[in-house]
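K.L.:
The structure that follows is given in the form of structure tokens.
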């Protein structure tokens, strides 16, 4: 951790060096004599006081030999830092500054108080308080060590040059301060040795960023005011005209400007945290700055227009530019090589250098202006009237009029009537060919065939009836039953169902579908239109009903009579009543009745019923029952005769006549338009010829050279300079005077 080092005062002996004598050229050899004597004296004093061992083996002018102040730690709570600093100041005030024993006292104090680590606060407010406290300590110590010192004896800072010239105001103020101090404390001046004070460069007041910004803004305002004045003068000269002589501005005497260090503008670091000063050889660093640039010969002044304030509203010429579609822009961007890949030509570099040839020469030859009107807007897509008329002409030329042949009846003069249509014969009625009549005829022919005479023909008797029994089925040989022991001992014996319990399954009667009657037309049953009532989908009503039923059931159970306890009578133990013993009958052998035999008989029976039903339906379908004939009683169909009026002759207009009139009007209009165009072209040609003649006359007038008179200017008055000659002073290369 870095330790906080307070500023210290230097106890110098009574015999001090006069720095004004160092400016003499003859004393340059013994410049370092005073510093060597000073270092030897300090080593002697420290050796006597017992601290000489600390400084052995070190050069006398090292910074390590300098005295270190007492370290006080920083604490965030309470103002302990300020209290410790005040105690330190009191201790320093009690000890005289010129006493050599002060080193011993401070060494003893530093031994007693152990070095504590510094606690650095990162807050800006704490840093500002620290800076103010340090400034206050520096001022207090500067007052204590203030002695009657001549200003010429103050050591120069590292950045300032040693110069004999000083402002009279500063000298006067310095003399006043020294005289006042000498008058107020004559006794102190006698007792104390004269000590060189701190140089003024170290007592700089640090400015805040706000003050620096204000200074910058003030400077900028002053520059703007000066520029305005110059512009006004230049404007007056320009308005006065070219013929008047231009007044040259008289060069003023150089004004002395105070030093302005750029380091003051930077944000300063804490003085305790700055890096140690590195010693640099002054002679090696000399003449490293760049050489002064050669003066460039200025050419003639080129008159430039005033950059006055103008409106920011864009005009039509500025806004409108060549229209390039977005697709074309994208394609150009991908095809274009970036500028950074293009090689620069040497001509561009040559043009950058200032030269007399770069001044533009005003040409006297007339030149046509390079107008950019064709690039202002996008190309016009709509066609002009001239183009439209040309297209119409082409269409008219392409269209060929073809006249129809003349009808000779028009010239005859008689009325042209339409041809009469041919007379159609009257409708002949045709009788209806009904299907019923055909069926009646077919039925009569069938009846005649049925009435034919029946003759009996005997058939031969089958021999099988005589040989064997026919129609009785053979008796099936049943298998012998195998006896099995009855399973009485089994607990989980499955009892076979008795025949009484078994319900006889009725055989499923398969009904054949009726044969459709193809004579009757099919009429589908139209479903009845029912309006569906929209009900809300909810379970609330159902839940409520269920809850009501539940409550009703609970009430009924509650209303029911409470069962009364009735004790059973005691049994009679005298007689033992046992159930009668049931004697089971012996199993009798019965023939087996298989389900397969029963199923086959049922199937044969159902098949027989189906055949009978089909035959009956076929017979019913064969019998046709005709509907009564109502056509005979109705009136026959008679077509109605149309009652058309006689055709009346109407006036008519031929399309050829109409087209001929329109054609004549069009030709007349076309001839008028052509005549107007020819007249306009003739007028335009005449105007153009007149303009050319006027332009030639104007150019001839302008080309006649008129020489300007020779201008007369005031003679130059050469004035001798009032400034004194520069006195050469040898430079002070030694860095020892820089504190």
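Using N, Cα and C of the backbone, Cβ positions are placed for all residues, glycine too.
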K.L.:
Give the range, chosen from 347-374, 375-402, 459-486, that Swiss-Prot lists as region 'Disordered'.
P.N.:
347-374
K.L.:
Which stretch does Swiss-Prot mark as region 'Disordered', out of 76-109, 110-143, 246-279, 280-313?
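P.N.:
That would be 110-143, per the region 'Disordered' entry in Swiss-Prot.
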K.L.:
What is the nearest of the recorded positions 337, 368, 476, 732 to residue 640 (SUMO2 cross-link), using the Cα of each?
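P.N.:
Minimum Cα distance from residue 640 (SUMO2 cross-link) across 337, 368, 476, 732 lands on 476.
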K.L.:
Out of 476, 732, which of the recorded sites is least crowded by other Cβ atoms within 10 Å?
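P.N.:
Selected from the recorded sites 476, 732 on minimum Cβ neighbours within 10 Å: 476.
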K.L.:
With Cβ-Cβ distances below 8 Å as the criterion, list the same-chain residues six or more beyond the ends of the region 'Disordered' (658-694) that contact it, or say none.
P.N.:
389, 401
K.L.:
Hey, what's the Cβ neighbour count for residue 337 (phosphothreonine) at 10 Å?
P.N.:
7
K.L.:
Would you mind reading off the Cα separation of residue 368 (phosphothreonine) from residue 476 (SUMO2 cross-link), to the nearest angstrom?
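P.N.:
The Cα atom of residue 368 (phosphothreonine) is 140 Å away from the Cα atom of residue 476 (SUMO2 cross-link).
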